[in-house]
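Asker: I have a structure here, written as structure tokens, and I will follow up with some questions on it.
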Amino acid sequence: MKFKIATTSNQQLYIILLITLMGFIGVSIAYPLFAPLFLNSASSIMVATPWAEKNRNLLLGLTLAAYPLGQFIGSPIIGALSDRYGRRSILLSSLVGTLLGYILSALTLRHGLLWLLIFSRFLTGLSESNIALAQTIIADLKDINKHKGFGGIMMAASIGYILGPMMGGLLSDNRLVSWFDVSVPFYAAAGLALLTLFLAYTALPETYKPTLTAQTAFWQQFNILQHLKEMLRNAALRFLLIACLIFMLGVDVFYEFGPVYLTAIWHMDATEIAFYTIILCLGLALSSGWLSHQLSCRYPLYQSILVSIISFCLLLSAIALAHSAQVVLVLYGVIGIAISIATTSLRVQISDTAGQHIQGKVMGMLMGLRMLGDAMLCLFGGALIHFSATLPLYLGVLSALIAATLYLFKVSMEINGNKRFSTEENMS
């Protein structure tokens, strides 16, 4: 069978969205598994020693932190390498590493090897670059509106997060098939990674032709601090990156510890958590494909960003305070809409502010720094749930409030600056 390389921008967009979809199915297939695996008293595969039994929360935090910590190291480097060597070859290489990481995770779960599981999650995060590179490739496509492209990525990711947890919950349920266990979803994720690798190799063209310069040494692509300094020289980009990162940390607290909250407060199993995740992702998907773009045509971008961030704070507070699982279910759907609008709009503004020659660095660094904060929050959140399963959610509210305050300060400075410029122009 012969596959045709996509030639038009729309064809390339659809290929990227399909790759993103399959990638996020693989990422999210593990989403409902770890909280019940570590926190349910009947589960013993990963807590075989007395010390592990007493430190279930800590081990859960370490396991959750390993993947984002790997992404923190890998994403900025992969983004910088794509600026130097092109998107396609770097994407293919990262997908090979992702495939190996999933296979290793499956083997460690099958045999109950806790510390090797943590390493395998780190390896998978180190290699996983689908979202950062996908956003970079979208920015390369000049004929594609960024709200449409970034919103499409969010929609594909959201659909992936619907299908992934559903598959994870079903493929780990031995009540359905006797040989299903917690390792089977990771074998399925490895299969999806292989399919994604095949699709990228056969159908995705190179979208960016880098200009190699003698001044840029190969080893400098691995200097994360140098990449960060380069981006922070731009004052507008600096403010946007900080506000976006702090907000996304609040969102990631919800993503990571939502299953813990559902397990500890509402005593849900993996299948029930998967259903709640589906509702969340339906809200994300239904708004990502069109709502962000429609709002950008009617309102200033900063208004959409501020309203959606504040809405996220209110909705997450309501989830933490809810006294009914049915109310939580409705709130899960609505909060997905707020997350989608805020993240899509922030990424569009960051991409527009950054230069074309550093799109890979910016998207990779944004993902990497987000994952570093995510890893630290996983460890901190693992300690917080020792006191209450709702405390991580309040941490997410606080983080988003700080982001809204910073962004409002940036907007007010820009508005005041424009007024002063207009006044000086009129006086002259």
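Just so it is clear, glycine is given a Cβ too, placed from its N, Cα and C backbone atoms.
Pulled the feature table from TrEMBL, pasting it below:
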- 12-416: domain 'Major facilitator superfamily (MFS) profile' (DOMAIN)
- 12-38: transmembrane segment (TRANSMEM)
- 58-78: transmembrane segment (TRANSMEM)
- 90-107: transmembrane segment (TRANSMEM)
- 113-138: transmembrane segment (TRANSMEM)
- 150-172: transmembrane segment (TRANSMEM)
- 184-204: transmembrane segment (TRANSMEM)
- 235-253: transmembrane segment (TRANSMEM)
- 273-292: transmembrane segment (TRANSMEM)
- 304-323: transmembrane segment (TRANSMEM)
- 329-350: transmembrane segment (TRANSMEM)
- 362-385: transmembrane segment (TRANSMEM)
- 391-409: transmembrane segment (TRANSMEM)
Asker: Going through 113-138, 150-172, 273-292, 304-323, 329-350 one by one, which has the most CB pairs that fall under 8 Å from the transmembrane segment (391-409)?
Answerer: 304-323
Asker: Return the stretch with the most CB pairs under 8 A relative to the transmembrane segment (90-107), choosing among 113-138, 184-204, 329-350.
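Answerer: The stretch with the most contacts is 113-138.
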Asker: With pairs restricted to those 6 or more apart in sequence, evaluate whether the transmembrane segment (150-172) and the transmembrane segment (273-292) have 3+ C-beta pairs under 8 Å.
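Answerer: Since 3 or more Cβ pairs under 8 Å link them, the transmembrane segment (150-172) and the transmembrane segment (273-292) do come into contact.
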Asker: With contact taken as 3 or more Cβ pairs under 8 angstroms (pairs 6 or more apart in sequence), are the transmembrane segment (362-385) and the transmembrane segment (58-78) in contact?
Answerer: yes
Asker: I need to check the long-range neighbours of the transmembrane segment (235-253): which residues 6 or more away from its ends have a CB within less than 8 Å of a CB in the stretch?
Answerer: 68, 309, 312-313, 316, 339, 342-343, 346-347, 349-350, 353-354, 362, 365-366, 369-370, 373-374, 377, 381, 392-393, 395-400, 402-404, 406-407, 410
Asker: Residues of the same chain, at least six outside the transmembrane segment (329-350), with any C-beta under 8 angstroms of its C-beta?
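Answerer: Hits for the transmembrane segment (329-350): 135, 146-147, 150-151, 154, 158, 237, 240-241, 243-244, 247-248, 251, 254, 258, 276, 279-288, 291-292, 295-296, 301, 304-305, 308-309, 311-312, 315-316, 318-319, 322, 362, 366.
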